[in-house]
């Protein structure tokens, strides 16, 4: 199980690197879908099956629609692929950054970090992942509303910046 989790975590880091190198909106959206899927599988591996399912459905329902809308508005006839030299340079830079940070912080910090969700399930009335979701929506409701407004504002700012002084990459709809 440890090797499967290590493989999933490496896949998640590589997916985040593919999103951060951001060659084109199309490839970035694909990378984000892969990172969300692998992250939800990591959550399921640690016992949070309900939370990972809810997060994945929210991601597919909300964020993928936003990415499809942005990709439809981005008029890019020749998108940059991952095989081009500029993108490969940024991918190698991010890989070196991850390896350097991992070697710098290597030590015993990870021993208490990977505790399964239902380790003390005998003493609990509610399952830990559904109780955590209820707590997130009850006490963190205001933060969720603020986060949604910030995401909407970010979308509008990005769409305005791509337009620029002239038409830019924004097509007339």
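Placed from the backbone N, Cα and C atoms, the Cβ positions cover glycine too.
As written in Swiss-Prot, here are the features:
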type	residues	note
TRANSMEM	1-21	transmembrane segment
TRANSMEM	25-45	transmembrane segment
TRANSMEM	53-73	transmembrane segment
TRANSMEM	87-107	transmembrane segment
TRANSMEM	139-159	transmembrane segment
Of 1-21, 87-107, 139-159, whichever stretch has the most CB pairs under 8 A to the transmembrane segment (53-73): 139-159
Long-range environment of the transmembrane segment (25-45) - Cβ separation under 8 angstroms, sequence gap at least 6: 1, 4-5, 8-9, 11-12, 15-16, 18-19, 51-53, 55-56, 59-60, 63-64, 67-68, 70-71, 74, 76, 79, 81-82
